[in-house]
């Protein structure tokens, strides 16, 4: 018998999150939670949803992988000519969501977006597996193609061209940094009375922490 979707639910009971426990620096708090997600052996603990805005104001979301973070912001890499790349070029704002279900935790981040330096993009690109570097040249991301054979033929042609030699970074491929103005830490609690601590940046001053109603 198929289970009713309406009946799918879980009561969150693992732990709580208080203002006294939370680090006053949201990046330190994020690192703490991220390290705990690593220890919990999630398949991809750095997977995150990124939401952007289309030219006509419609939301657009997809999963990407976090590749670095520090107090400047949260970094991911992509094709600058992709749909999200073009959307960020026009409207440089984004929202990120991390969901670590086994820990009953969610992190939401909102902020402005900028490209990382060419040096940062070069360094990360050079660290990727050889065929992944070729893949950055193969894919005209978000464009319509006739079949998968188009990709496979392009990949083989590039393998023949480079033959395990160094592959340069495409000029249309690199990193974005989301520079947060708001970071919310959500911890599931019993009876849907979850803990929500929201860090907000007061321009030129400091981070403040506010508790939000669930």
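Keep in mind that glycine also has a Cβ here, set from the backbone N, Cα and C atoms.
Feature annotations, reproduced from Swiss-Prot:
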BINDING   9, 10, 11, 12, 67, 124, 128, 132, 192, 193, 194  substrate binding site
BINDING   62, 63, 64, 65, 66, 67, 77, 78, 84, 106, 141, 142, 186, 196  FMN binding site
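Swiss-Prot feature annotations superimposed on the structure.
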{"residue": "9", "record": "substrate binding site", "contacts (Cβ under 8 Å, 6+ apart)": "none"}
{"residue": "64", "record": "FMN binding site", "contacts (Cβ under 8 Å, 6+ apart)": "47, 48, 49, 50, 76, 78"}
{"residue": "66", "record": "FMN binding site", "contacts (Cβ under 8 Å, 6+ apart)": "46, 47, 48, 74, 75, 76, 98"}
{"residue": "67", "record": "substrate binding site", "contacts (Cβ under 8 Å, 6+ apart)": "46, 75, 76, 77, 124, 175"}
{"residue": "84", "record": "FMN binding site", "contacts (Cβ under 8 Å, 6+ apart)": "50, 52, 60, 62, 78"}
{"residue": "128", "record": "substrate binding site", "contacts (Cβ under 8 Å, 6+ apart)": "136"}
{"residue": "186", "record": "FMN binding site", "contacts (Cβ under 8 Å, 6+ apart)": "105, 106, 107, 108, 194, 195, 196"}
{"residue": "192", "record": "substrate binding site", "contacts (Cβ under 8 Å, 6+ apart)": "214"}
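When Cβ neighbours within 10 Å are tallied across all protein chains shown, the highest count among the binding-site residues 62, 194 belongs to 194. For the FMN site, whose binding residues are given in the record as 62, 63, 64, 65, 66, 67, 77, 78, 84, 106, 141, 142, 186, 196, the maximum C-alpha distance rounds to 36 Å. Counting other Cβ atoms within 10 Å of each Cβ, the lowest count among the binding-site residues 11, 141 belongs to 11.
Cβ contacts within 10 Å of residue 77 (FMN binding site), excluding its own Cβ and spanning all protein chains shown: 21. Spread of the substrate binding residues is 44 Å (greatest Cα-Cα distance among 9, 10, 11, 12, 67, 124, 128, 132, 192, 193, 194). Under the DSSP three-state reduction, residue 9 (substrate binding site) is assigned to coil, being neither helix nor strand. Taking the Cα atom of each, residue 11 (substrate binding site) and residue 141 (FMN binding site) are about 40 angstrom apart.
Under the three-state DSSP scheme, residue 62 (FMN binding site) falls in the strand class. Mapped onto three states, the DSSP output places residue 77 (FMN binding site) in strand.
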